Amino acid sequence: MSLRPSLLARLAARTAEREQANLRRRLRTIDHVDGPWLELDGKQLLSFCSNDYLGLAQHPQLIAAFKRVADDEGVGSGSAHLICGHRAEHAALEQALAEWTGRERALLFSTGYMANLGVQQALLSDGDVCVQDKLNHACLLDGAKLSGAELKRYPHGDVAGAARQLASRSTAAALLATDGVFSMDGDMAPLRELATLCTREGATLMVDDAHGLGVLGDDGAGSVAAAGLSPREVPVLMATLGKALGCHGAFVAGSAALIEGLLQSARPYIYTTAMPPALAAAALAAVQLARTESWRRERLNSHIERFRQGAAELGLALMPSSTAIQPLLLGDADTALAAAQMLEQHGFLVSAIRPPTVPAGQARLRITLSATHEEEHVDQLLEALAKLPQHGVPAPHV
Ligand SMILES: *Cc1c(COP(=O)(O)O)cnc(C)c1O
C-alpha cells in the first residue's frame, strides 16, 4: 500500500467543498442562438451575457467568408504555423490587424489565453518583475506565474501603487501588464498615466484589449487608440477575436522586432496547430465590418446610456463603467445566484459572477449589452431588475 495521496480523490474533495459553499459552477448547454435570443432547456431567453458586443458572430458576411474558405480548403489547418499551417488567410488577417491597430506587425494565436502566456513567457525570465493590476484577467496573471518572473500586483487602477511595485525592483527588467477594459468590472485602465509611468521607469507596457477592440476608439481600434497612445508608449498590444469580432482566437500587435521575437520564442505560438483558415477569413470580414460600420458602436453606446440612465432612475447601484460590461454588485454569492435565477424565470439570461472569479464579498451580475439588442430589450431588463429584492451595493474601494 502506498502512502501517496490520491490526486483524483483530492480533486473530488475540492469539488465537494465548492458544492458545499454553493459555489459549484454549472455547465449549461445552449440549444440555439438567434441574435440576442438563446434557447435553453426548451425556453427562449433574452441574453445579456454574451461578449458579441457588435453582433458580428452571426453576420452573413462572416458566415459567407467562412464557408467560401471551408469549401476550398477544408476545415483544419493541418499543422502549426511554422510547419505548413500558415495560409494566405492568416497572413491577410495579420496584415489587417496590424494596420487597424497602427502597428508594424501582428501575430495570430489560437486563443487569448495562449497569447498572454506566450508573450510573457517570451519576454520575461527569472529575476525580472511583472507588475499587474489585481483585477487583470486570470490568464494575464497565470502567464506571469509561468514566466518565472516575480509577479507583483497593485490595487485596481492605482497608478501610485503600480509605481511603488516598480520602484521596489528598480533595477529589474520590468513588464507592466493591464487589461484595457476590465472583464468583470467594465471600467477602463488609466492607460495614459500607466504609459507615463512606464516611460519614466523604463518598463514595457502591455495592454490586453480583449473587451476594447471593436468597441472603443473612432474606428474601433480599441482602448489604446482611444487613449491616443503611440506604439512606443504601448509596445505590446494583445486583443482577442472572440468577443466584439464575433469569431475566435487572438493576436499580438507591435513592432516587427517584437513579432519576430514571439515567432521565434513564444511556445504557445510555436507548438500548437494554427487556427482554421476559414476562421481567419471570417475574422478578416469581421475586422472590415468593425472598422467601417460605426453604427454598431453608436447603437451599443446608446444602449449603454439608456441602461445606465434607467438604472439610475430605479436606484440600481451599477458599478462605474461606461463600456458594454455593466455589472451590478450584489455582495455575497448566494444573493447574486438568486438574482440570476429570478431573472431567468422572467426570461433573461444574465450571469452571476462569484468567487474565485471575483474577490469574496463582490459577487455580481455581469450584464453585457450588444448592438443586437433592441431598445425595448434594455427596458425589459430594467423592469426585471427593478423587481430584485436587492438593488446593488455601492462599489467597494479595491
Ligand atoms: C476573454 C479574455 C481573454 C482570453 O481570451 P480567449 O480568446 O477567450 O482565450 C484574455 N484577456 C481578457 C481580458 C479576456 O477578457
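Numbers run from 1 along the shown chain.
A Cβ is built for glycine as well, from the same backbone N, Cα and C atoms used for every other residue.
TrEMBL entries are annotated by machine, without manual review.
Residues annotated as substrate binding site in TrEMBL: Arg25, His137, Thr357. Following the DSSP three-state reduction, the secondary structure of Arg25 (substrate binding site) is coil.
Its own atom aside, the Cβ of Thr240 (pyridoxal 5'-phosphate binding site) has 25 Cβ atoms within 10 angstroms in the protein chains shown. Taken from TrEMBL, the feature pyridoxal 5'-phosphate binding site covers Gly112, Tyr113, Ser183, His211, Thr240.
Taken from TrEMBL, the feature domain 'Aminotransferase class I/classII large' covers 44-385.
What TrEMBL records for Lys243 is N6-(pyridoxal phosphate)lysine. Shown in sequence order, Asn51, Asp52, Tyr53, Ala210, His211, Leu213, Gly214 are the residues of the chain, 6+ apart in sequence, with a C-beta less than 8 angstroms from the C-beta of Lys243 (N6-(pyridoxal phosphate)lysine). Secondary structure at Lys243 (N6-(pyridoxal phosphate)lysine), as computed by DSSP, is coil.
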Neighbour tally for Thr357 (substrate binding site), based on other Cβ positions within 10 Å of its Cβ: 17
Per-residue pLDDT averaged over the domain 'Aminotransferase class I/classII large' (44-385), given as an integer: 97
Spatial neighbours of Tyr113 (pyridoxal 5'-phosphate binding site) among the binding-site residues Arg25, His137, Thr357 [C-alpha, 10 Å]: His137
Shortest C-alpha distance to Thr357 (substrate binding site) - which of the binding-site residues Gly112, Ser183, Thr240: Ser183
Largest inter-residue Cα distance among Gly112, Tyr113, Ser183, His211, Thr240 [record-listed pyridoxal 5'-phosphate binders, Å]: 14
